[in-house]
There are 2 protein chains.
Amino acid sequence: MGQLIKGKPAADAVTVHLIEEVKNLKRKNIIPKLTIVRVGKNGSDMAYERGATKRCNSIGIEIAIKELPEDISQQSFIDELKKINEDSTTDGIMVFRPLPKQLDEDIIKHLIDPNKDVDCFNPLNMSKLLEDDNSGFSPCTAAAVIEILDYYKIKIEGKRVVVIGRSMVVGKPLSLLLLNRNATVTICHSRTQKMENICSQADIVVVCIGKSKIINKSYIKSGAAVIDVGINVDTNGALCGDVDTENCIEKVGMITPVPGGVGSVTTSILAKQVVMACKRQNNI
Amino acid sequence: MGQLIKGKPAADAVTVHLIEEVKNLKRKNIIPKLTIVRVGKNGSDMAYERGATKRCNSIGIEIAIKELPEDISQQSFIDELKKINEDSTTDGIMVFRPLPKQLDEDIIKHLIDPNKDVDCFNPLNMSKLLEDDNSGFSPCTAAAVIEILDYYKIKIEGKRVVVIGRSMVVGKPLSLLLLNRNATVTICHSRTQKMENICSQADIVVVCIGKSKIINKSYIKSGAAVIDVGINVDTNGALCGDVDTENCIEKVGMITPVPGGVGSVTTSILAKQVVMACKRQNNI
């Protein structure tokens, strides 16, 4: 029987550490601050925002929400973003994506101050992942996967890791983070042939494709660690991951549940990167 | 017996196509121009420069060499680069790397005009590879590997490809180019365990580690395509690749020789990207 590894203990460990860090900063009269930019009232954005607010409050990070109208023009959005870039009290900025269609992400992504870009929206930070330059920021979900692996002492170096999915928010940056940690990484995707064969060689399988319970035990090597990044709604209306956890639990070494797995760690990573941004901006 | 696939026919095919393109441009009074920036008189830089000059001349691309003193200061280098960026007759810029130690590549790479950056020095172009955005440029050697695969009709989509080596000039960008072409890519490196086992599952193996003849037939699946990017000098003083070609030739489907393989294609890719840059800058 495999071990169900929950996100909460990993998130709590990060939080405990950050509380100490923020205390030390406050002694120097520095208060880390995150500004969240949300366009419209998307339900899942607002749910994430509540989670992030709660997490930041518990750590002592100040949080500001900039809600912008759903039909905001490109120029008005850019003006607002520039104001936040220039706001010296803001250390970290997170912009909910995807943005509405009238806003051109390919232009906007270059305009967020890379030093405040705590969710790795700006290509300059993305290219730092590629260069194994840790002076930037990682996308929070990708970094949350690494945090869980580290918390549960799952060795990355030298291990065979299969990442299923190649999105710009999880699959690709996560593959780079794993490569930078000296894993031997294979990226699988919709065009991959014989995926079961490839996956079942992996010591660690990370699934981030966004399809309900699509990965079963035939993809998993006995004893492997499985990290499920998917958050889907199953036919009964319940939350589920990309992995059929029940089907796999007997075979895996460890597996993250959905809900309660990777998703529980992302806001702590966001907070971690806000504190990191704050320290860098204050040369600490 | 595997087929030795040479670079020259692939390079010639690119050249023939470019000659036509440049003729068409000249009818519009547009002459593509490459400016090469070389600091000092490094032998291999100068050899590459001669090859690039010959190639560009044969195509009708104008070429300018900016030779700068070995001990040039950071500020003087930046001033020179800015002049070339602003020179409206220059469509493409190639800077020989690595630069001497007094020059900070981490600063300079951001300063080359991304629209003229035909060897993908600027991180903005590197991040476009990650985003599968083909409005940028690829590192010439990485793109030369793709050119050879295409010329010899070696299918990439859906195939298992192992890239051995993770440098910023070949291994990483090539892995992204292959992923963008829907290959299932595994990146191996010095910390990879059981590399023979992993490589010998691949339909295509690309070797770019810079160690003489380190890959023998035990790493290769029967009938696989092997692309050897290494250029080394063996114990007899002769040029050789990273692959022991003699040892592998019986087992492979196709293999590139060294010399005469990938290296023969890079200058044609450079020329191709100069013409591409020229057309974009003229909105053609």
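Heads up, the Cβ atoms here are built off N, Cα and C, so glycines get one too.
Annotations in TrEMBL come from automatic prediction, not curation.
As given in TrEMBL:
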type	residues	note
BINDING	A:G165, A:R166, A:S167, A:I231	NADP(+) binding site
DOMAIN	A:5-119	domain 'Tetrahydrofolate dehydrogenase/cyclohydrolase catalytic'
DOMAIN	A:139-281	domain 'Tetrahydrofolate dehydrogenase/cyclohydrolase NAD(P)-binding'
In sequence order, what residues of the same chain, 6+ apart, have a Cβ less than 8 Å from the Cβ of A:R166 (NADP(+) binding site)?
A:K172, A:S175, A:I187, A:H189
Sorted by position, what residues of the same chain at least six away from A:S167 (NADP(+) binding site) have a C-beta under 8 A from it?
A:C208
Go through the binding-site residues A:G165, A:R166, A:S167, A:I231 for me and flag any whose C-beta is under 8 angstroms from a C-beta on chain B.
A:R166
Looking only at the domain 'Tetrahydrofolate dehydrogenase/cyclohydrolase NAD(P)-binding' (A:139-281), how are its residues distributed among DSSP helix, strand and coil?
53 helix, 26 strand, 64 coil
Max pairwise CA distance, angstrom, over record-listed NADP(+) binders A:G165, A:R166, A:S167, A:I231:
16
Run through the domain 'Tetrahydrofolate dehydrogenase/cyclohydrolase catalytic' (A:5-119) and tell me, per DSSP, how many residues are helix, strand and coil.
58 helix, 19 strand, 38 coil
